[in-house]
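For reference, the structure discussed in these notes is given below.
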Amino acid sequence: MRTKEKISARQFTILVILYTIGTPILIIPAALASIAKQDGWIASALGLLIGLALTKLYVSVGRLPGQRPLFATIEHVLGKWLGKVVIAALVFFCLVTASEVLFYVGNFMTTQIMQSTPVQAFNIMFALVVVMAIYMGIETLARSAELLFPVFVLLIVILALFVTPQIHIERLQPVMETSMKSLVWATMYYTSVFSMTSFLLLSVFPSDIDQPQAAVKGFYQGITIAGIALLLIIVLCITVLGPDMTARQTYPSYALAKKINVGHFLQRIEIVMAIMWFITIFYRLCFYFYGAVLGLQQLFNLKEYRPVVLPLGMLFVALSLVVHPNVMHSSEYEENAWVPFIATFCFFLPLVLLGVHAIRKKK
Amino acid sequence: MKEKKEKQPQTSSQNLKEQALKEKSIMASLPDNLELIRQQLGNSSDIVIRQVGLPGEIAWAVVYTDGLADKQLVSEFILESAMLHDRVKEESKHDPASISPQLLASNVLAIGETKEISNFGQLFTSLLSGESVVLVDGHAAAITAGTRGWRDRGISETLTETVVRGPKEAFTETLRTNTAMIRRKIKDPNLWLETRQIGRVTGTEVSVMFIKGIAEDKVVEEVRIRLERIDIDGILESGYIEELIQDETYTPFPTIYNSERPDVVAAELLEGKIAILVDGTPMVLIVPALFVSFLHSAEDYYHRFDISTLIRILRYIGVFIALFGPSLYVAITTYHQEMIPTQLLYSLAAQREGIPFPAFIEAIMMEVAFEILREAGLRMPRSIGPAVSIVGTLVIGQAAVEAGIISAAMVIVVSTTAIASFVFPSYSLANTMRMLRFPLMGLAATFGLYGIIIGTFAIVLHVSSLRSFGVPYMGPFAPLIISDQKDAIFRMPHWAQVTRPKLMNRNNKRRQQKPASAKPKP
């Protein structure tokens, strides 16, 4: 019999990095540039600091006595009935958000690269590998992350190096031109996509990690490295494309990669650069999906989560096709519904968990 | 872990009879014994039964298999010593009963290796593996004498794993020669050898070799358990064993390493791995196997470390090309033309102008043609080799391009891929790349680079889930082990390789003492 799967602290750090960079690497520069213009990078830097503070919150939820995985903690702290209701809601959140990310993959492929292929094909293909990954378990997922991480690092370094000739640093000026209000809003939005989502990492932290102490350090390290990588991408987008161009693009990083031109020979390699965000999106998707799967397992007290993986995977493909009828709907959703939606689950829920735990302990 | 059904109880009467015969003890009467042997072996003409003794004297017999036993040994050191031995002559006149098989073994037979046996199962096993059996009338026991000596191929140069620098010898088909070749390299009492017979009909000898104290006891135990589980009629090559004991059957990746070089086996034993030698084949299995070991050649350790490292990196590039070469070409020319520099794009387009097929069909045609050529090259009689290769090069290389069926660029891509798949020191990994190339080409033709990326994710996930005898297959990359990187992509100088690979060894880690002083001073 296989013993319980454990991952190492280093593997966890790599997963944190890839997961946190996730979708934001592709879309966040546009959102920040449209809200805060050339000051978008300030929002990103502030977001990193807030992200570290949030990480502290999540770590303390993860290290509640017993060190249970996320869904067991919820049920333990909130009691059986309320716990189940919250878990059901969280499963819904995970599934919808996962479908939304998958929608982005399909949308990116059909609008930018292969216009005449039906979007269903892309979504099914991507969902298949996600289902495969979750089916094989967290240990395999962590090992594959170790194999793909060097590829990611190589690509981001190539991207950063090859666009440097086209940097116009004056595009960052004037600094702090935008109003305080839009800067705060930009920071909030950035936080919602960048660091709040790492709450879902509690499904493996710290219960599935063999050195929980080192994993705490790894959590902070991972968030910091991911934050710096995103900051780099945002600064590059603004300085190379300019804030207006960045804001107008749906996928500014892709537009950034199109700018690569080395001696009129190495050019238009944006599809190779796209591998970079396929890797990060893959891990983000895996964790959303894993969250939904584990939530269902806890909800119905299943011994083994694998039987629900395939049905849930089908559901998730179907959902990705209907979650946003078009891009306008998605940007509307991102602007108005997303921040309160995620804040409910990934900001207020941990606070409630900590609060209820403190009150119950006093009694 | 593999689950296997309990052994089926042997119910058929045939099996019962065989079982009874195996356990039947040797009778006291010599004629009865010889009759039983004759009857059981169907009077086979290669079984020689030599009876000795005049009427009234002590009667005894030597039984051996012609061709497996060394006739000179039998006649000089069994027949001659016993027939001319003074005491035997003397005693057989006075007290024939005092000449026991034990006495023969201890005082008379001038043979190094003797063993006393008591039942027919052992008797037949010894007899049919080349030993001589000595039976004495009036005694319910027999002596086997080690007279094995048959014709074999002799040690020759390795054909599949050639090196420029380093030993050239390769294993042979005889198990004993092979174990001796390893012993010659490792003269340590801790080099242990466990032999068992596997195969109900063939009774093939299978030896497990490991260095006690370096190899993990748990892995050795696991190998024993898995070999014990095998219940098959015949083992003709180590491939049988490989398929019966590997962790995962449904994978294109080899999870057991094989080699025909004694120096490779010795090096792996020193790293704590376990060798499984099978009689009748020069291919020795080594477990646990890591993905990286399939890309390591014995020569890497004999050349200077700098060139070895560079050549290893070259091999990884070879893996990349062998796996992705044609699929990248198909994806880029079909979907991502913008990536190709304009000048090259013009010339590619001009080449492809007259070609009636899409790039994918072209690639599949070429790949299949190449695979056919390759297979034909292996199977055809040696004497018609040149004819086939001329037809192959002319038809596929030139005529196909001139006839406008295939573009010249495709020929370049396919041949580069083909050559790249020969840079692996291990043939089994080349097969893996061969198999995975085709699905990747299909993905590239339908989804372009996106398909290749998805396919790569699937491959990466699959290899990450593999284990070989409990050891993660992609180690030391996933899980990442920094100290083992000294001998993975890089090959550090020998003085820097102080410890054994961590994945394999938990108790005996050190290779050399005092690492600081081991570094040569200028």
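The chain as shown is numbered from 1 upward.
Placed from the backbone N, Cα and C atoms, the Cβ positions cover glycine too.
Sequence annotations record features per position, and here TrEMBL assigns transmembrane segment to A:12-35, A:41-61, A:81-105, A:117-135, A:147-167, A:187-206, A:218-241, A:271-296, A:308-325, A:337-359.
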Exercise. How about the transmembrane segment (A:81-105) and the transmembrane segment (A:147-167): at least 3 CB pairs under 8 Å, pairs 6 or more apart in sequence, or not?
Worked result: no
For this session: Between the transmembrane segment (A:218-241) and the stretches A:117-135, A:147-167, A:187-206, A:308-325, A:337-359, work out which stretch tops the count of Cβ pairs under 8 Å.
Result: A:147-167
Problem set entry | Cβ pairs under 8 Å between the transmembrane segment (A:12-35) and the transmembrane segment (A:117-135), at least three | no
Exercise. Relative to the transmembrane segment (A:308-325), which of A:41-61, A:117-135, A:271-296 accounts for the most Cβ pairs at distances under 8 Å?
Worked result: A:117-135
Exercise. By a Cβ-Cβ criterion of under 8 Å, what residues six or more beyond either terminus of the transmembrane segment (A:337-359) are in contact with it?
Worked result: 54, 57-58, 60-61, 64, 73-74, 77-78, 86, 89-90, 93, 97, 188-189, 192-193, 196-197, 199-200
For this session: Spell out yes or no: are there three or more C-beta pairs under 8 angstroms between the transmembrane segment (A:187-206) and the transmembrane segment (A:117-135), with each pair 6 or more apart in sequence?
Result: no
Seminar exercise, completed: Long-range Cβ contacts under 8 Å made by the transmembrane segment (A:271-296), restricted to residues 6 or more beyond its ends, are 15, 18-19, 21-23, 25-26, 69-71, 87-88, 90-91, 94-95, 97-98, 101-102, 104-105, 108, 113, 126, 129-131, 133-134, 138, 141, 145, 148, 151-152, 155-156, 158-159, 197, 200-201, 203, 253-254, 257, 260, 302, 305, 308-309, 312-313, 316
Problem set entry | Spatial neighbours of the transmembrane segment (A:41-61) far in sequence, C-beta under 8 Å, 6+ residues away | 28, 32, 35, 73, 172, 175-176, 183, 186-187, 189-191, 194-196, 198-199, 201-202, 205, 216, 219-220, 223-224, 227-228, 230-231, 234-235, 238, 347, 350-351, 353-354
